[in-house]
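Below is one structure; the comments refer to it alone.
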Amino acid sequence: MGPDADKQQRAQPTMPAKLQPQLPGERHLQPAGRLSEDALRELRRSSIMHVDMDAFFVSVELRSRPELKGRPVIVGYPAERSVVLSASYEARAFGVRSAMPMAVAARMCPSAVIIEPRHKLYYEVSGQIMAIFGSITDLVEPLSVDEAFLDVGGAIRRLGAPQEIGELIRARVFRELGITASVGIAASKFVAKIASTRCKPDGLLLIRPEETVPYLHSLPVSALWGVGGKTVEVLARRGIRTVADVAASPLPSLRKLLGAAGEHVYRLSWGIDPRPVTPVRLEKSIGAEETFATDTADDALLHRELLRLSHRTAERLRGAGMHARTVALKLRYADFSTITRSRTVSTPIDSAQLLYAVAVQLLESVGDRPMTVRLVGIRAEQLDVAAEAPLQLSLDRRDDNWRAAEQALDAVTRKFGNKSVLPARLLDPGGDAE
Ligand code: DCP
Ligand code: MG
């Protein structure tokens with residue numbers, strides 16, 4: 001992109017001059033190996049990065065509706081009881097915030113354009129964002145769909161100083177995905193996260209180790225992690241309003257006020273946060289199981305329960321943006337003995353219909369059951385991030401249709417709750433396991 005200098009200036013209006021980062025473009029990247037060991041050591045002191053997309057859902061939508069750029073835009077369902085999922089910065093100028101009821105937001109900002117969410121698209125873009133992060137360093141700790149911590153200490157020789165790496169990431173995200181990201185860089189996760197929040201939107205802020213404490217001390221207590229509305233009130237009653245006030249308070253009195261959190265908050269006020277960036281271990285499996293009210297030998301009932309569990313599992317798979325390569329069936333008999341059967345499929349799946357089809361085959365493979373069944377479960381294993389897995393090549397056109405239909409179902413479930421839409425078979429009264 002070559003970050004826009006005007007935007008950079010606007011993004012950090014309140015930063016003291018000495019905290020203003022240098023903003024080199026990609027072309028300024030340090031050639032590998034040119035840094036002295038001392039310089040490298042110095043740069044590695046501030047190598048933790050927090051990267052967060054700006055107004056993520058809105059930004060993704062604006063890629064296909066560029067005419068809405070610069071206007072108040074809200075992503076959310078326009079239904080009575082829905083909440084704002086993402087608001088453009090123009091909408092925020094009217095007071096609109098995420099998690100605010102849509103009705104309130106619409107009153108605050110009647111001119112806002114409201115766009116219904118397309119979650120599948122956001123998960124795809126999320127996978128692409130994480131892939132860009134992963135190409136910079138292995139030390140990536142995703143926090144949510146649009147943000148992650150990165151420790152870039154090991155990438156400095158290859159890619160340059162952390163702030164150059166931050167600009168590289170911002171440039172790649174903009175060029176490859178068409179959205180803007182903000183980057184905070186510091187010696188700890190906590191301070192990096194504060195930095196990215198403070199330079200939003202479309203900014204980058206590096207807080208050097210020696211600048212950390214004075215910078216933190218200029219902030220309100222609410223900037224500290226774990227200090228929410230209630231704690232802010234408790235502290236304000238004692239005249240503790242800024243991080244500097246916390247830092248100046250005797251630890252025993254903070255302990256008295258806040259219990260165990262007192263020590264945590266005190267440490268943060270001095271910039272102490274030793275937690276390392278921990279790459280997430282992706283969930284190994286996702287599943288669901290159900291114990292019947294009465295043990296059963298009824299195949300129809302077992303099938304119906306498997307279908308229900310398949311839907312639950314598939315919804316969670318898609319929610320996590322994952323595909324499964326292996327499906328496992330679990331049966332627990334009346335005497336509590338338990339068996340499992342599993343099958344690996346050739347193409348990764350995330351649709352309930354395919355999970356169900358495999359589960360039924362597995363149930364058939366068990367043959368005659370020695371006694372009644374107490375519990376049945378399905379587990380999706382060998383998970384891949386959906387964006388990295390090859391697109392599901394269905395055996396049959398119907399599978400694609402099922403997948404699309406189930407994605408629509410996920411959206412409806414999110415909107416109206418769990419019970420409103422289920423395949424007709426599951427709506428049959430009676431014989432229910434729940
Ligand atoms: N999100 C959601 N429900 C919420 C909050 C957020 O579905 N209550 C979704 C929509 C957001 C995305 O997660 O676009 C990322 O959340 P952020 O908190 O990072 O918010 P934004 O990216 O929208 O804005 P910001 O620029 O403040 O990061
Ligand atoms: Mg964001």
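Each residue, glycine too, has its Cβ placed from N, Cα and C.
Annotations in TrEMBL come from automatic prediction, not curation.
If you check TrEMBL, you get these features:
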type: ACT_SITE; residues: E147; note: active site
type: BINDING; residues: D52, D146; note: Mg(2+) binding site
type: DOMAIN; residues: 48-228; note: domain 'UmuC'
type: REGION; residues: 1-33; note: region 'Disordered'
type: SITE; residues: F57; note: site 'Substrate discrimination'
*Among the recorded positions listed here, D146, E147, whose Cβ has the fewest other Cβ atoms inside 10 Å?*
E147
*Structural state of E147 (active site), classified by DSSP into three states*: strand
*asked:* When DSSP is mapped onto helix/strand/coil, what comes out for F57 (site 'Substrate discrimination')?
replied: helix
*asked:* Give the mean pLDDT for the domain 'UmuC' (48-228) on the 0 to 100 scale.
replied: 94
